[in-house]
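**Q** Next up is a structure, given as structure tokens.
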Amino acid sequence: FITAAFGIPQISTGDMLRAAIKAGTPLGLEAKKIIDEGGLVRDDIIIGMVKERIAQDDCKNGFLFDGFPRTLAQAEAMVEAGVDLDAVVEIDVPDSVIVDRMSGRRVHLASGRTYHVTYNPPKVEGKDDVTGEDLIQRDDDKEETVKKRLAVYHEQTEVLVDFYSKLEGEHAPK
């Protein structure tokens, strides 16, 4: 809704990383290993990708970050680069709900169609509604991986709420 209303692109580091993984780039291969183990890709890689992306023409009138920044270093790098934010939104969801939602997700890789075993099940269990092909659970949606990612979130990302609430001056969210 926001991207359509303002005519701006959504910038998702997760989508950018998945595209690199699918393409089999060196960054993609490195990222896949880290993500599959429940870790976060190094800040320097993410920051570089984001800076490159927001320099593109379709971002000249703005953009919507999705899942970025995730660490204090990423947030500070954006401030240092002069990237001003109009607003920062935190969506607070209990860990148990996140684990349930992510670990129940199933994907048809060829099309990207996404299902959920409880909330959006396919017509035939484990099969894509359109093609009848198998659905898979991505490695990063497996319960133990989701729990590891949540632990990393609590350690590295929760501090951003405090960072943005205290940010002052020209770079503070308006």
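Cβ atoms here come from the backbone N, Cα and C positions, even for glycine.
These came from Swiss-Prot, pasted as-is:
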- Thr13, Arg18, Gly39, Leu40, Val41, Gly67, Phe68, Pro69, Arg70, Gln74, Arg138, Arg149: AMP binding site (BINDING)
- Arg105, Thr114, Tyr115: ATP binding site (BINDING)
- 12-41: region 'NMP' (REGION)
- 104-141: region 'LID' (REGION)
**Q** Could you break down the residues of the region 'LID' (104-141) into DSSP helix, strand and coil, giving a count for each?
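**A** Summed over the region 'LID' (104-141), the classes give 3 helix, 10 strand, 25 coil.
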**Q** Specify all same-chain residues, apart from the site residues Arg105, Thr114, Tyr115, whose Cβ lies within 8 angstroms of the center of the Cβ atoms of the ATP site, ordered by sequence.
**A** Gly104, Arg106, Val107, Arg113, His116, Asn120, Leu135
**Q** Taking DSSP states H, G and I as helix and E and B as strand, how many residues of the region 'NMP' (12-41) are helix, strand and coil?
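**A** The composition, in the requested order, is 22 helix, 1 strand, 7 coil.
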**Q** Spatially, and counting Cα to Cα, which of the binding-site residues is closest to Tyr115 (ATP binding site)? Options: Thr13, Gly39, Val41, Phe68, Arg70.
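**A** Spatially nearest to Tyr115 (ATP binding site) by Cα position is Thr13.
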**Q** Among all the protein chains here, how many other CB atoms are within 10 A of the CB of Thr13 (AMP binding site)?
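**A** The answer is 23 other Cβ atoms.
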**Q** If one looks at the chain holding Arg70 (AMP binding site), which residues at least 6 apart in sequence have a CB under 8 angstroms from its CB?
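**A** Spatial neighbours, sequence-distant, of Arg70 (AMP binding site): Thr13, Leu40, Ile46, Tyr153, Gln156, Thr157, Leu160.
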**Q** Within 10 Å of the Cβ of Gly39 (AMP binding site), how many other Cβ atoms are there?
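**A** The Cβ of Gly39 (AMP binding site) has 14 Cβ neighbours within 10 Å.
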**Q** Whole-number Å distance between the CA of Arg138 (AMP binding site) and the CA of Thr114 (ATP binding site)?
**A** 11
**Q** Roughly how wide, in whole Å, is the group Thr13, Arg18, Gly39, Leu40, Val41, Gly67, Phe68, Pro69, Arg70, Gln74, Arg138, Arg149 that binds AMP, by largest Cα to Cα distance?
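**A** Max span of the AMP binding residues, Cα based, is 26 Å.
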**Q** Would you kindly give the Cα-Cα distance separating Gly39 (AMP binding site) and Arg105 (ATP binding site), rounded to the nearest Å?
**A** 19
**Q** Could you check the binding-site residues Arg105, Arg138 and say which one's CB has the fewest neighbouring CB atoms inside 10 Å?
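**A** So among Arg105, Arg138, the binding-site residues given, the one with the fewest Cβ atoms within 10 Å is Arg138.
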